[in-house]
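Asker: The structure's right below; bear with me while I get my questions together.
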Amino acid sequence: MAPKKKVEEPKKVILGRPSNNLQIGIVGVPNVGKSSFFNTLSQTDLGKAANFPYATIDPEEARIPVPDERFDWLCQLYKPASKVPAFLTCVDIAGLTAGASTGAGLGNAFLSHVRSVDGIFQVVRAFDDAEVIHVEGDVDPCRDMQIISTELRLKDIEWVEKGLEQAKKNARSAGGVSLADKAKKEEVAIVEKILKLLVEDNKDVRKGNWSNKEVEVINGLNLLTAKPITYLVNLSERDFVRKKNKWLPKIKAWIDENNPGDSLIPFSVALEERLVRMTDDEKVAEAETLGLGKNASALGKITTAGYTSLDLIRYFTCGPDEVRAWTIRKGTKAPAAAGVIHSDFENKFICGEIMAYNDLKEYGTEALVKAAGKLRQQGKPYEVVDGDICYWKAGQ
């Protein structure tokens, strides 16, 4: 009797745009430190940090290098003429106020800017400072988080209701029994399920349990609450150094209740603004003085968290001319991964010669990796793994 053919599970479709060139937006209510955070993150003064609401109107954009010890080690090994790390594109977006979903303040512009990014850094203010006004009158991070959560959800409800109207219209015109007509009727049920999650279950779309078909419908709607959120809690320098703040347990409880599983990273814009003006040696000395080891900055941790939240990974190409990290989505097959370098590599793909980073680090040279039988030839079905070192072969 012939052995049963292994049935492959369908590949899980990821929420969001099917792209390797993704962006993360920095959002929050006004005057929580968004633009100051953006400025330190990008080491520029593009974001208009000012002590009044709506200092940022048009979003500013910067490409931030993503720290990676593997990349640093590869640069030491190959000593290349050019070094190109992975980058995360960050966008500083205007502050949101209650009523944004109905157009209050800069609501419509704000929400369209959020809609155009793929993930969210939500900056939450947990510091008191009489010099920095709060748009709601006092500091209450849980209220601020609720305002943003509510406004994003209300806008999604509006868009999903419009989507449902269109889906029903399409289904009414689909009188036949073809697969296309059946799909139009199924879409109505899916959009109704999305609406129920938002309205009755009071949950964000990314917290639903969706099939691949449902994810494809959600991606077509481009919903705000489908985007991953990383909560960045802006503390005073004193609270960050002593790792204590009265709001942190309440913020954690709010996330656990409303959006369980979302990341929370405490940091201090005030400290980051000081560190960004220092030399590398001065930063190490300052970190040791503050009792924070050799690195007092949380910016690397934040950048890495944003990159990971978008399901991004990187592979490396290495040589004496250049060591470069190439960003792809998790689950990308070899031809598409090669295609981020040049479309010809994807269209005329033959194979890839792949080394695992850990193997190269263990053996020390490419020749020894090859001698140990660890250099693999991979074809079109291969899914590139984070940290792979790849050499692509393509036809003429």
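Here the Cβ of each residue, glycine as well, is placed from N, Cα and C on the backbone.
Reproduced below are the annotations present in TrEMBL:
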BINDING   Asn31, Val32, Gly33, Lys34, Ser35, Ser36, Leu235  ATP binding site
DOMAIN    22-287  domain 'OBG-type G'
DOMAIN    311-394  domain 'TGS'
Asker: Using DSSP, how many residues of the domain 'TGS' (311-394) fall into helix, strand and coil, respectively?
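Answerer: Its residues divide into 24 helix, 32 strand, 28 coil.
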Asker: Among Asn31, Val32, Gly33, Lys34, Ser35, Ser36, Leu235, listed as contacts of ATP, what is the widest Cα spread in Å, to the nearest whole number?
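Answerer: Overall maximum Cα spacing for these binding residues reaches 15 Å.
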Asker: Mind giving me a neighbour count for Val32 (ATP binding site)? Other Cβ atoms within 10 Å of its Cβ, every protein chain shown.
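Answerer: A 10 Å sphere around the Cβ of Val32 (ATP binding site) contains 27 other Cβ atoms.
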Asker: Tell me, how many other CB atoms lie within 10 A of the CB of Ser35 (ATP binding site), whichever protein chain they belong to?
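Answerer: Around Ser35 (ATP binding site), other Cβ atoms within 10 Å: 27.
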Asker: Across the whole of the domain 'TGS' (311-394), what does the mean pLDDT come to? Round it, please.
Answerer: 96
